[in-house]
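Pulled from Swiss-Prot:
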COMPBIAS  96-119  compositional bias 'Basic and acidic residues'
COMPBIAS  140-153  compositional bias 'Basic residues'
COMPBIAS  156-169  compositional bias 'Low complexity'
COMPBIAS  468-481  compositional bias 'Basic residues'
DISULFID  C487-C553  disulfide bond
DISULFID  C516-C585  disulfide bond
DISULFID  C520-C587  disulfide bond
CARBOHYD  N120  N-linked glycosylation site
CARBOHYD  N342  N-linked glycosylation site
CARBOHYD  N377  N-linked glycosylation site
CARBOHYD  N529  N-linked glycosylation site
REGION    74-169  region 'Disordered'
REGION    454-484  region 'Disordered'
SIGNAL    1-23  signal peptide
Amino acid sequence: MRAWLLLLAVLATFQTIVRVASTEDISQRFIAAIAPVAAHIPLASASGSGSGRSGSRSVGASTSTALAKAFNPFSEPASFSDSDKSHRSKTNKKPSKSDANRQFNEVHKPRTDQLENSKNKSKQLVNKPNHNKMAVKEQRSHHKKSHHHRSHQPKQASASTESHQSSSIESIFVEEPTLVLDREVASINVPANAKAIIAEQGPSTYSKEALIKDKLKPDPSTLVEIEKSLLSLFNMKRPPKIDRSKIIIPEPMKKLYAEIMGHELDSVNIPKPGLLTKSANTVRSFTHKDSKIDDRFPHHHRFRLHFDVKSIPADEKLKAAELQLTRDALSQQVVASRSSANRTRYQVLVYDITRVGVRGQREPSYLLLDTKTVRLNSTDTVSLDVQPAVDRWLASPQRNYGLLVEVRTVRSLKPAPHHHVRLRRSADEAHERWQHKQPLLFTYTDDGRHKARSIRDVSGGEGGGKGGRNKRQPRRPTRRKNHDDTCRRHSLYVDFSDVGWDDWIVAPLGYDAYYCHGKCPFPLADHFNSTNHAVVQTLVNNMNPGKVPKACCVPTQLDSVAMLYLNDQSTVVLKNYQEMTVVGCGCR
């Protein structure tokens, strides 16, 4: 009886390790471990009291040793069989996953059969304790010698059987670590916030993208609602249907996007030196539309450029417009031949074509918009202000005749003899190379959706004006308690690929919007960024909870997010959207 109680105690000790194997494997290991001991328990109890106690102790100790080894699948076996030794002697390197599976099938199958034989043998020994030698021979004809030896020497047989079973069980259940890892990975249940958890953790054994794509795909109804909300936010009726592979994103747009994202802006305004873009929040780039009229300008120093700006919404206000031309530095030999400073400088002039000419009847009318001086030995872009022309085009789209650009010498105003300022594509120039150097028109508009004040002023716009606690300077230092349930900012990543928008949104592929959540406990500390009204509300709630609710955890500071995308007309658009991401949270 004590031996069985000891067995139960050992099983409880190794309950954690048993989780690695299945229930069927546990039953087989348990029967194989206790079979030889259970067969000889009556023999130990039938002897004297002293011998019975010592026998019980020895049986319990041997049983504990056998079970401890049998139920520890991660321990190295004390002894190996001949097949194990021959297999380990053939190779010194760590077996691969396929080798481990093959070794498992070769070694474990016959030993599993051996366990079944031990199971049947133990049942018969327990049911027939007073067996004779002839009955044993008839029932165990294929094991006559081994069983005959055990029946004459029970103690020696018990010890040898225990050692043999312990070695066999150890060899069978020492699994390859990769097999255990694969089984654990397959049983992973990814939580809803797995993306935020993975982002906060370090490098993982598994692929972050694979886990997220396989386990966190929203259902179709959720995707439809997300798409509707984002379209309303972006002021669109439907997502654009375009071929991204045929569109080249201009380098100036990429640089402007990097400039906006790399600086802390106080509002949604897009800064542009030299232009009145203080209240602009949208930038669009346009390329020249080829037509038959281009054949009338065969020279490189004089060319007509036409830009279709119909994609600009009528409710947006134009704040600025500029024409950017690319300059290619000439060789040192050409620059050296022009020893005079006047010969190494050229003038670029841009005109608005206000009226087209009629051959033999009238000449076209031009309006000079801007002029710039450039040098031959510099490679850069030249920007020209063309806002009056674009304003006229938006008011009367049918009178958009384009721009006329000329390159002349500074002194004599004669045509420039070199291809310094790139106005048109050369005959032998590749199309891909020209796309990075072609003239571009940039328009800066305001859609009127952003507020007049800075979006960072949200923190001071509620509950108390000048008396707001967040305005108090200087603050006394406070010791923050790291409580997860108090008001704070949490991660919330928005991935545009979830709604299939990664084909027309160039950058970013997603952004962290964050959200505010948590309790506002009494009393409110300074780091909760609360107003005087929130302090009074929390005080009244503490005295009479049923009268007023607690203060709420809400965003106190918001920031804008710049997006670079393509519209239905394949126009590259850079837009700053206000109040897109949470900067700070507080109790209000």
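Here the Cβ of each residue, glycine as well, is placed from N, Cα and C on the backbone.
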For N529 (N-linked glycosylation site) and C516 (disulfide bond), what Cα-Cα distance in Å is obtained after rounding to a whole number?
13
With DSSP assignments reduced to helix, strand and coil, which class does N529 (N-linked glycosylation site) get?
coil
Give me the CA-CA distance between C487 (disulfide bond) and C516 (disulfide bond), in Å, as a whole number.
7
Including all protein chains displayed, how many Cβ atoms other than that of C553 (disulfide bond) lie within 10 Å of its Cβ?
21
Chain-internal residues near C520 (disulfide bond), provided their CB is under 8 angstroms and they sit 6+ positions away:
T486, C487, F528, S530, A534, T538, K550, A551, C552, C553, C587
Count of other CB atoms lying within 10 Å of the CB belonging to N529 (N-linked glycosylation site):
20
Once near-sequence residues are set aside, which residues in the chain of C516 (disulfide bond), 6 or more away, have Cβ atoms under 8 Å from its Cβ?
C487, R488, R489, H490, C553, V554, P555, V582, C585, G586
